[in-house]
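What TrEMBL says about this one:
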DOMAIN    389-494  domain 'TMC'
TRANSMEM  120-138  transmembrane segment
TRANSMEM  150-168  transmembrane segment
TRANSMEM  188-213  transmembrane segment
TRANSMEM  277-300  transmembrane segment
TRANSMEM  320-344  transmembrane segment
TRANSMEM  356-379  transmembrane segment
TRANSMEM  399-420  transmembrane segment
TRANSMEM  464-481  transmembrane segment
TRANSMEM  501-522  transmembrane segment
TRANSMEM  558-580  transmembrane segment
Amino acid sequence: FWFLHGFDAEEDLVGSLAHMSTKERIKAIQKMPETMRKKREIRNKVLKEISKKSRHHGAQPSCCTQCLQGAAVSFRRFGNTLSEYFDQLRIWHKTLKIIGAEFGTSVLSYFVFLKWLLNFNIFSFLINFGFITIPQFLAAEPSNLSFTGLELFTGAGYFQQTVLYYGFYTNATISKIENGPSYNMQLAYIFTVGIYFVICFLILLFSMMIFFFRSFVPKTFSVNASNLFCIWDFNITNERAVKLKQKNLHTQIKEGLTDVNKEVLNYSMTERLRRTAIHLIAWLASLGTAVAACTGVYFLSVNNLKLFVEGYRNDLEGQAAMLVLPVIVSLLNTLIPFFFSWLGHLEKFQTPGQHIYVTIIRNTILKMSIVGILCYYWLNVVATSESQCWETLVGQDIYRLVLVDFIFCLLGSFFGEFLRRIIGTTVCIRLGPPEFDIGRNVLDLIYAQTLTWIGILFSPLLPGIQTIAFFIVFFVKKVSLMRNCQPPHKVWRTTQMMTSFILLLFCPSFLGVVSVIGVTVWRLKPSEECGPFRGLSSMYAAVDEWIQILDSYTAYRWVVWIYHNLIKSVLFFFALSTFVL
C-alpha cells in the first residue's frame, strides 16, 4: 500500500484498495498520512470503483442488502459527525495544549488536575441530586422564610429550610401512590453517601495505579527519540495548529534534555552545614506557624459558638459574625503559603521540583491541620452543643468555608499575580513577572475538595457549588497565567507530578475524610428534631433496623449473610486493606 501510494497514479491506489476486504481497506485508509478530507475523497472513489465492478459483473445486490449497506453507511457517518461534535465541545482541549506549549508540563499538571477534580464533583452532584434531592422534592413543603440575599454569603436564613442542608430532609418513607412503591429516605441517604465514597475510593486507587505506571515504571525505549521521530501528527494542516504543535514539541524536548543534563553540585563541608541549618530553621518556622494557626482557629471557633448560643443584639450582627471564622481561616490559608514560598526561595534548592515538593508538603501540613482542628470542633463541640440541628450548623460552616475560600482564591490571583506583575514590570523591574506557584495553587484545590467531601453528609448539594467554583477558577487562573505570569526559568520534566497530586488527594485528604464520616455515622447521635435519622441512636442504626426487617424474609437471607459475615467482619476489611496496599 505504501509503495503504491508513492506514485502519482491515483488510479492504481484506488484499484488496489478496491481489491481489499472491507476491514483491510478501512485500516489502510486510516493509516494514510493525509488529511481527513483527502481520505474521504479516496474512500468515495474506492466505493464508486467497487460499485462499477459490481454493475459490470451483473452482481446487483438485493434490495435488503442495499438497505442494510445504506443503513450501515448512514450510521457510520452519523458516528463520525457525532465524534467531531464532541471534539468541538472539549473547550479545554485546545487551552491545555496552549498552556503546555507556553509554560511546560509543570504548570499544565495543575490545570489537568483541576479539570480532573471538576469531573469528580460533577459526578458527585449528579449522584446526590438523583438519589437524595429529587425524592425530597416530592415530600418537601415550601419554605416560609424570605430570601434577603445575605444567604448567598452566610448559607443561613432562607437556605436553612431547603434541600441544601441535612436538617431539611425527611425521615419518612416517601410514597406518592397508595399501595405503590415507597422510597426509604434514611436508607437512600446513607447508602448514596456510602456508595459514593466507595466509588471515589476505587477511582482514586485506579488513578494512582495508572499514573504510577506512567511515571515510575521504566520505559524500554528512549522518550526523547520517540518524541523526535514519532510524535508528529501528519493530519495537522492548519497553520496555527502546526505552530502550536511545534512549540509543544520544542518544550517537551527541552524538558527531556534537562533530565539528561542534570548538574550534580558538589558542596564543601561548610556549605553543606550552612544549607542544612537553613533547611532546619525553615522547617521549624513552617511547623511553628502551622501550630500557631491551628491554635488560633480552635479558640476562635469555640468562642464563636458561644456567641451563637448566647445570641446577638440584631440580625445583621449575627450575619456578620458567621463570616468571622471562614474569613480568618481563609486568610491564614492564603497568606501563610506565601511565607512558605518565601522560605523555599531562601533555601535555594537545586531543582524547581525540590522547591515545589517541599512547598506542597508544608502547605499540606498547614491545611490538613486546620481541617483536622475544624473537624474536632464540629464533632466534639458543635455535636454536643445545645443546637437544635447540629448537622445543619456544620453544613453551614462548611458552606461558608467553601465560599470564602473561593473568593480568596480569586483575590489571590489578583493580588498575588496581577499586582505582582505590575510591581515587577514598572516599580522594580529586576523582579520581573511572577512565575506560577504550582505548590500553593494545587494545595488550594486539595483543601477545597477536602471540605467538599466532608460537607457531602451535611450538605448534599455542596459538590454542585464546588463545581461552579472550580469552573470559574479554571478560567480565572488561565487568564491570570497568560497575562501575568512568565514561564519557569528552569525547564524541567514533571513525570511524577500528577501522581503526587492524586496521592496527596488520597492520603491524607480522602482517608481523613472517610475517618470523619465514619465517626459521624457510627459514633455520634443525630439531632432529635431534624434530618432523616432523627430519633435514632446513630445514623448507622437505620441499616441495622433494615437488616432486622430483611431477616424475616427468606428471599433476602443472602443479604443478611453478607452483612453479618462481610460488612461487620474485621477479617474482611483487613484482607481488603491488604489488597489495596
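Cβ from N, Cα, C; glycine included.
For the transmembrane segment (501-522), the partner stretch with the most Cβ pairs below 8 Å, chosen from 120-138, 188-213, 356-379, 399-420, is 188-213.
Sequence-distant contacts of the transmembrane segment (150-168), counting only residues of its own chain at least 6 positions beyond either end whose CB sits under 8 Å from a CB of the stretch, comprise 133, 136-137, 140, 143-144, 319, 322-323, 389, 391-392, 395-396, 399-400, 403, 457-461, 527, 530-532. Below 8 A, the CB atoms of the transmembrane segment (399-420) and the transmembrane segment (320-344) form 3+ pairs separated by six or more positions in the chain. When Cβ-Cβ distances under 8 Å to the transmembrane segment (320-344) are tallied for each of 120-138, 188-213, 356-379, 558-580, the top count falls to 356-379. Taking Cβ pairs closer than 8 Å, the transmembrane segment (120-138) reaches residues 163, 168-170, 174, 176, 183, 185, 188-189, 192, 196, 200, 203, 449, 452, 456, 460-461, 463-464, 466-467, 470 in its own chain, all 6 or more past its ends. Listed by sequence, the residues of this chain that lie at least six past the ends of the transmembrane segment (558-580) yet keep a Cβ under 8 A from its Cβ atoms are 205, 543, 547, 550-551. When Cβ distances are compared across the two stretches, the transmembrane segment (277-300) makes no contact with the transmembrane segment (188-213), since fewer than 3 pairs at least 6 residues apart fall below 8 angstroms.
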